[in-house]
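In what follows, a single structure is set out as structure tokens and then discussed.
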Amino acid sequence: VQEPSEPDCMLGIGKGYQGKKATTVTGTRCQAWAAQEPHRHSIFTPEANPWANLEKNYCRNPDGDVNGPWCYTMNPQKLFDYCDVPQCESSPFDCGKPKVEPKKCSGRIVGGCVAIAHSWPWQISLRTRFGRHFCGGTLISPEWVLTAAHCLERSSRPSTYKVVLGTHHELRLAAGAQQIDVSKLFLEPSRADIALLKLSSPAIITQNVIPACLPPADYVVANWAECFVTGWGETQDSSNAGVLKEAQLPVIENKVCNRYEYLNGRVKSTELCAGHLVGGVDSCQGDSGGPLVCFEKDKYILQGVTSWGLGCARPNKPGVYVRVSSFINWIERIMQSN
């Protein structure tokens, strides 16, 4: 499969820049990273930095220099110089339409399967300031993420959190991954388990970063609709830990879910249930706040925010999700006034 050519541009300071620019701002040719002529150097060699993709003589930013990508130069009088790499522009987008077709495995996330990289491009990783992943979330516009309120219990200060977009691996971030600080957070006023995060700068919309669609207000998902939950959460098979997983889950109508043998009246009208009544599949911790999306006509619509479940993938105990359609008026009001 031919990768669509990435535009030759950088995000932020270009730490993840993987383009082919090979001249400095003054037009001087770059020295190959593996070469020792005209300049001898030992720190930024491909051997010393296998993860930095120091290939040929392309500009790179292996040390996270605030001035952006650079290279050693072919001018014997000048050791290194910066390169003129433009910032990436956002692409126009249709919400809920991935550029990479999802696998849609009917496996069971404790069951689930590993997702195809970037096939759920609205999935975000909510992290501590130090980069530790602890919850999921969903990009719903370039500047806004929806997550679970209980994910924000550790602190009410936005500076405590950051959002990672466009990554498949929890630890090894993809080249085009974006890390953006949170500038504001809003908890739903009636204490529902849902919250909005405003990003400090808009996400750049790329083929790996695309918002999900929101449902119409008060929309009720059809029983047994084709819905998927995604996340990096705990799985029984820990060999796949750290990569994004998906599971297809049927939605179960509230009156069935609230029967005595299932969740026995605990599910509110502003919540929805999804899961296999025989158990075995479910989203689990670490996927709190993440998306439950349902495919309709030609796009994925965010219908649920992962909230709670009794145990993990136990028979007769489906997972419970906040019903996004119950909060559309609140979501739109906050987004418009901030």
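Cβ atoms here come from the backbone N, Cα and C positions, even for glycine.
In the three-state DSSP classification, H150 (active site, charge relay system) falls within a helix. Sequence-distant neighbours of H150 (active site, charge relay system) (same chain, 6+ residues apart, CB-CB distance under 8 A): D193, S288, G289, S307. Sequence annotations record features per position, and here Swiss-Prot assigns active site, charge relay system to H150 (among others) based on similarity to another entry.
For D193 (among others), the entry in Swiss-Prot reads active site, charge relay system, with the evidence type similarity to another entry.
What Swiss-Prot records for S288 (among others) is active site, charge relay system.
Per Swiss-Prot, the feature disulfide bond maps to C9-C88 (among others); the stated evidence is similarity to another entry. Taking the Cβ of C9 (disulfide bond) as centre and 10 Å as the limit, one finds 16 other Cβ atoms among all the protein chains shown.
Positions annotated as disulfide bond by Swiss-Prot, on the basis of similarity to another entry: C30-C71 (among others). The number of other Cβ atoms within 10 Å of the Cβ belonging to C30 (disulfide bond), over all protein chains shown, comes to 24. Classification of C30 (disulfide bond) by DSSP places it within a strand.
The Cβ neighbour count for C59 (disulfide bond), using a 10 Å radius over every protein chain in view, is 24. Feature annotation from Swiss-Prot assigns disulfide bond to C59-C83 (among others); the stated evidence is similarity to another entry.
DSSP assigns C135 (disulfide bond) to a strand segment in the three-state reduction. The disulfide bond feature in Swiss-Prot is assigned to C135-C151 (among others).
Other Cβ atoms within 10 Å of the Cβ of C227 (disulfide bond) number 25 in total over all chains. The disulfide bond annotation in Swiss-Prot covers C227-C294 (among others).
Taken from Swiss-Prot, the feature disulfide bond covers C257-C273 (among others). Listed in sequence order, V251, I252, E253, N254, V256, C257, Y262, L263, V267, P318, G319, V320, Y321 are the same-chain residues at least 6 apart in sequence whose CB falls under 8 Å from the CB of C273 (disulfide bond).
Feature annotation from Swiss-Prot assigns disulfide bond to C284-C312 (among others).
If you look up Swiss-Prot, you'll see 9-88 marked as domain 'Kringle 5'.
Among the features that Swiss-Prot reports, domain 'Peptidase S1' is placed at 109-336.
Annotated phosphoserine per Swiss-Prot: S125, in sequence order. Reduced to three states, the DSSP call for S125 (phosphoserine) is strand.
Cβ neighbour count for R157 (site 'Interaction with streptokinase'): 11 (other Cβ atoms within 10 Å of its Cβ, all protein chains included). Following the DSSP three-state reduction, the secondary structure of R157 (site 'Interaction with streptokinase') is coil. Annotation source Swiss-Prot lists site 'Interaction with streptokinase' at R157 (among others), citing a curator's inference.
Less than 8 angstroms from the CB of R191 (site 'Interaction with streptokinase') sit A149, each of them six or more residues away in the same chain. Swiss-Prot lists R191 (among others) with the feature site 'Interaction with streptokinase'.
Counting every protein chain shown, the Cβ of S269 (site 'Interaction with streptokinase') has 9 other Cβ atoms within 10 Å. Per Swiss-Prot, the feature site 'Interaction with streptokinase' maps to S269 (among others).
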Residue, out of the recorded positions S125, S288, whose Cβ gathers the largest set of other Cβ atoms within 10 Å: S125
Candidates C9, C59, C83, R157 (recorded positions) with Cα within 10 Å of C30 (disulfide bond): C59, C83
Disulfide-bonded residues compared (C83, C88, C151) - highest count of Cβ atoms within 10 Å: C83
Predicted model, mean pLDDT over the domain 'Kringle 5' (9-88): 94
